[in-house]
Amino acid sequence: MVGGNDHKICFCMVYCTVIAGEVANFVAYAFAPAVLVTPLGALSIIVSAVLADIILKEKLHNLGILGCIMCIAGSIIIFIHAPKEQPITSVLEIWNMATQPAFLAYVGSVIVLVFILVFHFAPRCGHTNVLVFTGICSLMGSLSVMSVKALGTSLKLTFEGKNQLIYPETWFFMLVVAICVIMQMNYLNKALDTFNTAIVSPIYYVMFTTLTILASVIMFKDWDGQSGGTIVSEICGFIVVLSGTIMLHATKDFERSSSFRGVINLIIALNSAATDYPDECMEP
């Protein structure tokens, strides 16, 4: 009986933690640009890996540790060079950004691609190609983040005394959030049920983060006013985070296999041989 109660308590703690994390993520989008918030989601992967090593005794491989370090280093680079949040005084300003021709073209492209993936590719190769389900999640996720940012900003202004609930645009953004999140969660669950988590997670993170940054740059003009060097630094930081994420997830899956351990042992043996016989290695 005690064990059952402990299990319920642990479940409730995990559930409350997940809710708190999502609420904090929602609030973050209201106060910071998506170009900054979205890539920093990789830090949650590091926390998960560390907790799994401590609580579940899942050994974190040396390459996994390197992946964590790369995620932290890339996040610091992004944080240093991230653009400042543009001051917004009304949801109507966000609506004007959302209805500009460039972003409408992006939304139209996303809708067309999602329809093609859902009705053409998903029935035929959805269960054999991981890019189908993750592609749908990522495309819808980029729209959901833009809508979440718009809704979060509206609620922030409302709490500050500038009621935005009187505008139909606020409720429209709320509807878009609900639709996108439902589709996103549906196809993400399908991807996780069909493919290995170590494959789905990095691919989904890369596609979702890339499309979200693209959507934010188009809609909110995050890179306007920034120098070319600053933008390049942000992109480099983003690439470092992506590389660390992929490395961390890859080692989670492959370190258990004998083939992976054999490759590591082979690399160690070659390095030892090169160290013991440096002169022979240098001969042509």
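Heads up, the Cβ atoms here are built off N, Cα and C, so glycines get one too.
Predicted automatically and left uncurated, TrEMBL annotations should be read as such.
Listed in TrEMBL for this protein:
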type     : residues : note
TRANSMEM : 12-31    : transmembrane segment
TRANSMEM : 37-56    : transmembrane segment
TRANSMEM : 63-82    : transmembrane segment
TRANSMEM : 102-123  : transmembrane segment
TRANSMEM : 130-151  : transmembrane segment
TRANSMEM : 171-188  : transmembrane segment
TRANSMEM : 195-219  : transmembrane segment
TRANSMEM : 231-251  : transmembrane segment
Quiz prompt | Positions whose Cβ lies under 8 angstroms from the transmembrane segment (102-123), at least six residues beyond its ends | solution = 129, 132-133, 135-136, 139-140, 142-143, 183, 214-215, 218-219
Quiz item: Mind checking which residues reach the transmembrane segment (130-151)? Cβ under 8 Å, same chain, six or more beyond either end.
Solution: 26, 29-30, 34, 38, 91, 94-95, 98, 107, 110, 113-114, 117-118, 121-122, 170, 173-174, 176-177, 180-181, 183-184, 187-188, 190-191, 194-195, 199-200, 203-204, 207-208, 210-212, 214-216, 219-220
Exercise. Determine which residues of the chain contact the transmembrane segment (63-82) at the Cβ level, with the cut-off under 8 Å and only residues 6 or more beyond its ends counted.
Key: 32-33, 35-36, 39-40, 42-43, 45-46, 49-50, 230, 233-234, 236-252, 255
